[in-house]
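Data block below; observations after.
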């Protein structure tokens, strides 16, 4: 069964997006892209060294992948917009993941500044994917100004705590029409599967893969989990119930 | 409110008395906590905690990997000039030390920056002595503009006013390194014999002024050896936390500079052995999981490698402490470095230990 995932003008087979930070060596990114079959890769513009091929992380990302530069380091909308424009001018394409963080203690996003940057960059022709705290009113505004997807966090970046924001993400899934991609917090493949079973359209994973003892193998594990979760969602998971379904129903006498 | 009030709150506390009441159980309980209070941080610096270094190390390793991954940011210092009007008992640039004095002309700065960029490094820490005449803010601003063609720039210079920090940020500076040297106010006064550096409060409040000016990174530290390290490390951590709590948009990091031989004779008051150094690093990591920790080439190569997994996020490489030391004679060193390996050698070492050397960590906007 074909289950193509569309964002902007791209049709994707994989619903696992990966990050490129925190890896023990850059060439490993290429191996992880292969093992995870990921087709969307996010890269912090701040760390791309365009001058030295071996140091340039883009060297290790196949052209078939969609490059999604991110605005890591931006503390407000203005900086995010400038980083996005620099990325596009440097040939990184027109996808941009907005990351506006003015909080170095918890690395939580600033939704208001993120919204401002989203609005500006959509008008400039970018495919904008804002990373945000899962807030329905904000997500609706992001959607209204033209975000291509919204990326709510499951838990703080790098925390590996799983989908702690589950109830809020579930509301976004119900109410927001653009794709919902859980970004940050996913620490284990089972949690990626959980997000997909819930009906998320995709997940973005970095720390859990990059800092695993074997990142390449972990990339494959995540691919399988995302696929399993997606299949389960499409298959329609059985309804959870608090009571046993007795084979001799209590109301059988009514038949 | 400034950090001075926090300092005053703790400076007269009975450290020994507090340490003597701690048990190994207390330490284990603290290590297992998610969030550690100021006094619990102090407990991790106690003699009792020395018995639990392995346990602390395991947690520090996990926290560092989680927050910073297997990546190590590299930078190198560039000494612009060594004119200095201060008489600091422990420093090679002391106004009374008969060393040649010079500062680099802008074309020499460019040569140095280019030589550094050729090694692959993309971040430079510029240093000067304290001389508003010899190396003025105007001059530093010009240097920043030149170096920005090759690298991003942090400054380790004399304390500035907020407006001056704002000016340099606008010129392209993204980080400040400023060590208090010693938090103990009395010792501070004794060893800063003469010169503007004698003003304890001006120095203590400078990192905060940089935060107010919206500096991206602020790196603080105490020069280990000038007073009891337990107290100095404690105040360093408190200072870092104070800044992090108040200025969440600035990345706070901490350095652990241990005293090194230099021109002039000054004997450190306290010897900070390797075990104590490691204890400081671990306690800081557990107290401030998100803070950067820098380890410089003051430390021996083998030691630097051994502490990599314990919390380090940033290392210097290919360093010289002489003015123009890469393209000119090295006759003006501030202090001797221990790790003399080239940038390539450091890079290979990091890769072999499972760390990705990060040369570029910021994009000028």
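Yeah, the Cβs are placed from backbone N, Cα and C, and that goes for glycine too.
For A:97, the entry in TrEMBL reads active site, schiff-base intermediate with DXP. Around residue A:97 (active site, schiff-base intermediate with DXP), the same-chain residues six or more apart in sequence whose CB sits under 8 Å from its CB are A:42, A:68, A:69, A:70, A:71, A:129, A:130, A:131, A:151, A:183, listed in sequence order.
Counted within 10 Å of its Cβ, the other Cβ atoms near residue A:185 (1-deoxy-D-xylulose 5-phosphate binding site) come to 25, all protein chains included. Residues annotated as 1-deoxy-D-xylulose 5-phosphate binding site in TrEMBL: A:158, A:184, A:185, A:206, A:207.
Residues or ranges marked as domain 'Thiazole synthase ThiG' by TrEMBL: A:7-249. Note on the domain 'Thiazole synthase ThiG' (A:7-249): its mean pLDDT in the predicted model is 92.
Summary of the 1-deoxy-D-xylulose 5-phosphate site environment: with the site residues A:158, A:184, A:185, A:206, A:207 set aside, the chain residues having Cβ atoms within 8 Å of the Cβ mean position are A:19, A:155, A:156, A:157, A:159, A:160, A:183, A:186, A:187, A:205, A:208.
Contacting chain B by the Cβ rule (under 8 Å between Cβ atoms), the binding-site residues A:158, A:184, A:185, A:207 reduce to A:158, A:207. According to DSSP, residue A:97 (active site, schiff-base intermediate with DXP) is assigned to a strand segment. Annotation for residue A:206 (1-deoxy-D-xylulose 5-phosphate binding site): spatial neighbours A:18, A:19, A:20, A:21, A:22, A:42, criterion Cβ-Cβ under 8 Å with sequence separation of six or more. Under the DSSP three-state reduction, residue A:185 (1-deoxy-D-xylulose 5-phosphate binding site) is assigned to coil, being neither helix nor strand. Taking every pair among A:158, A:184, A:185, A:206, A:207, the residues listed as contacting 1-deoxy-D-xylulose 5-phosphate, the largest Cα to Cα separation comes to 9 Å. Around the Cβ of residue A:207 (1-deoxy-D-xylulose 5-phosphate binding site), the number of neighbouring Cβ atoms within 10 Å comes to 23.
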